[in-house]
Amino acid sequence: MSDSKPPSKHEPDFDSEKESGSKTPPQVEEAPPPPTQQLDAPPDGGAEAWMTVAGTWFLAFITFGVATVWGVFQDAYVSNSTSRFQNVSVFRLGFVGGCATGFAFLAGPFSNILVSNFGVHKTVLVGVIMVAISFELASIAKEYWELFLSQGLMFGLGASLAFIPSAGLPSQWFAKRRNLATAIASSGSGISAVILSSVCQAIIDASSIAWALRFLGFLTLVFGLAGVSLIRVRTVAKKQVQYKVLDLSILKVRGYPLYLAYAFLQFFGYCTPVFFIPSYCTAIGLSPTKASGVLSIATGLNAVGRVMAGVFGDIIGPINVLIMFNSLTGLMCILVWYFAKTFGDMVGFAILWGFFCGAYWALSVPVSAKIVGMPRLGSAVALQFLMNVIPPVFAVPIGSRIINATAASHHVAEESRTAYKYLIVFTFLVPVIASFMLVPVRLGFSKKLMAKV
């Protein structure tokens, strides 16, 4: 960096290059904002900081954690005797679960309008109420369109309003431990899936799908209100962190378009196994209880993996961790899942895949902050999460078509293990290719192999 342009806080960290004498050019092309737009140093701890982490944890628990349990409900809608939708195909049901997750990202820019006018707390509160009501309405749904509008569309939009405005809050309070704090906050969704997969399956088996949905409605309201009461916005950030509807100027930041492409592609590799693990377990002869148990193990290790990704991110850099963990996610599919035939095999896959697949949730916001800077993080998070809308909406339909085509070409039933052959290959290729997209972004910070990036 030249003498005429001193470094600013919003630009990428080039400490490793400075120590080695490297003259790597700055990552951000635009001139730094004036000093009045800079954020002061985060406290890196304190009561309000950790309250915000806890509040974000609760909000992650009731949004993307609950969305992960869709595989249990999809299997129940198809096969459980209390289901009102046994005549609905998996292809059509897939759009309900897909929209539940996909629309949870879609309202990001809209939520920024609400945050700018009403603040974070009121926006998140509206989202929590929508999430709770969506499950109560789904419990009385009798037609497919009613299920789609409630458990699909309404839940997704409510989850978006509840989660996206809060996702960047831990980054306002932490600097040195930003990756770890964000990872702990995001682990709420992984722990939620561990607990709720088994709990919802038990309620479905003991009573009905409707009562499992009512239980979720009550739980999300209680946990959501706890999250709203705990989150805090730093006073300095209220005026200096942007929450623009759609700030396309961020695309001028070198490396960020590639990062957005990575965010889009890797999400297919995450949600496809989450949605199809229960049905694959059924295909190899496991009971619904064991299938939900495998999903619980995967999501449980997901929570552990997120925290470890945050720890490693603070040590070797978040982009390095994303590349490594995401590549290993794909490799676990082709090396373990592809050959899985027993309950033990699937448990092994759940442990390995679950540990590595959660790095994006832990580090995506800190990486955005690293690339575009803290002042524009609110706008960047909304744009980044827009990239995650399409994959979950179409993951089940695309996966179902792959299974159908494989079954037809091999002359086997769609419920057989062989029918999942190319779906597993797909889940291997997608995260590996996505990881390669991050390599140029990483090299933009440093070409040194051991640099912390």
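Cβ coordinates come from backbone N, Cα and C, glycine included.
TrEMBL entries are annotated by machine, without manual review.
Taken from TrEMBL, the feature compositional bias 'Basic and acidic residues' applies to 1-21.
Taken from TrEMBL, the feature domain 'Major facilitator superfamily (MFS) profile' covers 247-453. For the domain 'Major facilitator superfamily (MFS) profile' (247-453), the predicted model reports an average pLDDT of 91.
The region 'Disordered' annotation in TrEMBL covers 1-45.
Residues annotated as transmembrane segment in TrEMBL: 49-73 (among others). For the transmembrane segment (49-73), the residues of the chain that approach it from at least six positions outside its boundaries are 42-43, 96-97, 100-101, 104, 124, 127-128, 131, 151, 155-156, 159, 162-163, 166-167, 169-170, 172-174, 181, 184-193, 196-197, 200-201, 204, 209, 212, 216, 219-220, 223-224, 226-232, 274-279, 292, 295, 299, 361, 392, judged by C-beta separation under 8 angstroms.
Same-chain neighbours of the transmembrane segment (93-111): 63-64, 67, 70-71, 73-74, 77-78, 85, 123, 127, 147-148, 151-153, 155-157, 159-161, 163-165, 245-246, 271, 275, 381-383, 385-397, 399-400, counting only residues six or more beyond its ends whose CB sits under 8 Å from a CB of the stretch. According to TrEMBL, the feature transmembrane segment maps to 93-111 (among others).
Look at TrEMBL and you will find 147-168 (among others) tagged as transmembrane segment. Residues of the same chain lying 6 or more positions beyond the ends of the transmembrane segment (147-168) and with a Cβ under 8 Å from any Cβ of it are 55-56, 59-60, 62-64, 66-67, 73, 85, 95-108, 110-112, 114-115, 120, 123-124, 126-131, 133-135, 137-138, 141, 213, 224, 227, 231, 241, 243, 365, 369, 377-378, 381-382, 385.
Counting same-chain residues at least six beyond the ends of the transmembrane segment (180-204), those with a Cβ under 8 angstroms from any Cβ of the stretch are 49, 52-53, 56-69, 71-73, 76, 80, 82, 170-171, 173-174, 211-212, 215-216, 288-289, 292-293, 295-297, 299-300, 302-311, 313-314, 358, 361-363, 365-366. Taken from TrEMBL, the feature transmembrane segment covers 180-204 (among others).
Feature annotation from TrEMBL assigns transmembrane segment to 210-231 (among others).
Under the heading transmembrane segment, TrEMBL lists 259-280 (among others).
Residues or ranges marked as transmembrane segment by TrEMBL: 319-340 (among others).
The feature transmembrane segment is assigned by TrEMBL to 346-369 (among others). Within its own chain, the transmembrane segment (346-369) has Cβ neighbours under 8 Å at 64, 167-168, 170-171, 178-179, 182-183, 186-187, 189-190, 259, 263, 266-267, 269-270, 273, 277, 280-281, 284, 286, 294-295, 297-310, 313, 318-319, 321-322, 325-326, 328-329, 332-333, 336-337, 340, 377, 380-381, 384, counting only residues six or more beyond its boundaries.
What TrEMBL records for 381-403 (among others) is transmembrane segment. Here the transmembrane segment (381-403) has long-range neighbours at 67, 74, 90-91, 93-95, 97-103, 105-106, 108-109, 111-112, 160, 164, 167-168, 243-247, 250, 259-261, 263-265, 267-268, 270-272, 275-276, 364-365, 368, 414, 419-420, 422-423, 426, meaning same-chain residues at least 6 beyond its ends whose C-beta is under 8 angstroms from one of its own.
The transmembrane segment annotation in TrEMBL covers 423-445 (among others).
Long-range contacts of the transmembrane segment (319-340) within the same chain: residues 262, 266, 269-270, 273, 280, 284, 305, 309, 312-313, 346, 348-349, 352-353, 356-357, 359-360, 363-364, 367, 370, 421, 424-425, 427-432, 434-435, 438-439, 441-442, 445, 452-453, each at least 6 residues beyond the stretch ends and with a Cβ under 8 Å from a Cβ of the stretch.
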